Amino acid sequence: MENQKEKILVVDDEASIRRILETRLTIIGYEVITASNGEEALIIFRKEYPSLVVLDVMMPKLDGYGVCQELRKESDVPIIMLTALGEVCDRITGLEIGADDYVVKPFSPKELEARIRSVLRRADKITTNLGVPNSGIISIGFLKIDTNKRQVYKNNERVRLTGMEFSLLELLVSKAGEPFSRASILQEVWGYTPERHVDTRVVDVHISRLRAKLEDDPSNPDLILTARGTGYLFQRIIEMNKL
């Protein structure tokens, strides 16, 4: 099975949720390790190097937000947050500090499984064809985007992007000057079709994160622009240099 080598760390202080997810994810071919609190999660992460982390928000001592912040200091590992918080602003807090996606409790295990597959697909090192040659370096002013190594440089310094952030940037750059709707971005980058009713603010938060990392003035961007009434577009003219 294609997922056998993928290792997932499940972090939740509820033993029942850990057991359910460990059982379900093991059945569909993942290797699963678990942690019951944030401090344990960081220890296990640094020992096991999982392919993805499923991270509960509400935990004693070090909560999911704190774990996410610590992980982002040292890793681009995909993170899916589990949140029981009702307010939308609470749900997207994890995205703002570096998570790739979130699922609201109570959740369907099948829904979480689908999101895990989608996030892992996009975090894969194999570059999909989005209209930009994967053997080239894209030069846009002070930016260089290596579509083969999935790396970005700003003023010749490496900028750390998560897998989802890179895929979003790659999509926008693939058709520079053409606007993408939030719905189309969700489908192309996250694999979510419109009937799944995913909150489009997932896109907005990731755009904000990209701007913060790539723009000289994130509040007045000149690379990643907002297309009013539509979504977003990448502005600059691209010069393609073959590797």
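Yeah, the Cβs are placed from backbone N, Cα and C, and that goes for glycine too.
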Where Swiss-Prot places DNA-binding region among the ranges 19-37, 76-94: 76-94
Cβ packing number for Asp56 (4-aspartylphosphate), 10 Å threshold: 25
